[in-house]
Amino acid sequence: MGDRETSNHSEMTDFILIGFRVRYELHLLLFLIFLLVYVMILLGNVGMMAIIMTDPRLNTPMYFFLGNLSFVDLFYSSVIAPKAMSNFWSESKSISFAGCVAQLFLFALFIVTEGFLLAAMAYDRFIAICNPLLYSVQMSARLCTQLVAGSYFCGCISSVLQTSMTFTLSFCASRAIDHFYCDVRPLQRLSCSDLFVHRMVSFTLSIIIIFPTIIVIVVSYMYIVSTVLKIRSTEGRKKAFSTCSSHLGVVSVLYGAVFFMYLTPNRFPELSKVASLCYSLVTPMLNPLIYSLRNKDVKEALKKLLEKKNAIL
């Protein structure tokens, strides 16, 4: 009888996304905030991709990676934001079982891909500053394509493992996910399965994913700092550091939010939601701003594109 009950619960057709536990009167304000952030994400990342594709001066490895970063930011925020906004007006706040699987799969795919892309960008900056004479040879178009393809491949493998492990659990506690999207930790709380093996595999997978990317970023910047400090002129050091400051800003925002979420105890789900909000929506919004405000080439390309549009009009 117990097995049949567990089976019935694990075959549920939908979940309920609780979202933020705030008064109903604040739903309009939250909806407007989410809408504003999402519009900025769309404009910023689509604009960044358009600039990179249309300006020949940005046909370099650095901007090839940046274009893919904007693509990833655009899509993983689009997995989260529209459903979250619709739930502010929905009484049921339901998401289908298939929709929940798709949301978790796509979000895991793109967020892991972003981590590997940031590591590839750190390696690119390392070669550009530490071996400038060999930059065009070492950072060939073939290598750049392989690094980007490898980032998507690692994201896909990780996503398949995370999603398959999560949705083979038996969900019998409740249908209500205490989050604004389908994520691993809130789904685990609904399970009546033994989570020890699942958590160990998830932890091991996180170590395999996060630590190599962090090591590549940290080691690359150790060499970069060492090289820059050997430059005698202040102007030269400033110019070298300026090419890295945007990337460091993006890395700090993303990994800071991720670590904050994973270090937040399960008994504080609202803090976990705030951290998730930072890397699922705030980070994709800030990335184009960081690169456009801190990058002379992007600002010049944007100015040129606007002038061209004004001339047409």
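For all residues, glycine too, the Cβ spot is worked out from N, Cα and C.
What TrEMBL annotates here:
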- 28-51: transmembrane segment (TRANSMEM)
- 44-291: domain 'G-protein coupled receptors family 1 profile' (DOMAIN)
- 63-81: transmembrane segment (TRANSMEM)
- 101-123: transmembrane segment (TRANSMEM)
- 203-229: transmembrane segment (TRANSMEM)
- 241-262: transmembrane segment (TRANSMEM)
- 274-293: transmembrane segment (TRANSMEM)
(message) Give the nonlocal contacts of the transmembrane segment (203-229) in its own chain as ranges (CB under 8 Å, at least six residues past its ends).
(response) 112, 115-116, 118-119, 122-123, 125-126, 129-130, 154, 158, 161-162, 237, 240-241, 244, 248, 251, 255, 258, 262
(request) Name the range, of those listed as 28-51, 101-123, 274-293, that has the largest tally of Cβ pairs under 8 Å with the transmembrane segment (63-81). (result) 101-123
(message) If you count every Cβ pair below 8 Å, which range out of 28-51, 101-123, 274-293 shares the most with the transmembrane segment (241-262)?
(response) 274-293
(request) Sort out the residues at least 6 away from either end of the transmembrane segment (101-123), same chain, that have Cβ-Cβ distances under 8 Å to it, and list them. (result) 62, 65-66, 68-69, 72-73, 75-76, 79-80, 83, 95, 144, 147-148, 150-152, 154-156, 158-160, 162-163, 166-167, 181-184, 187, 209-210, 212-213, 216-217, 220-221, 247, 250-251, 254, 279-280
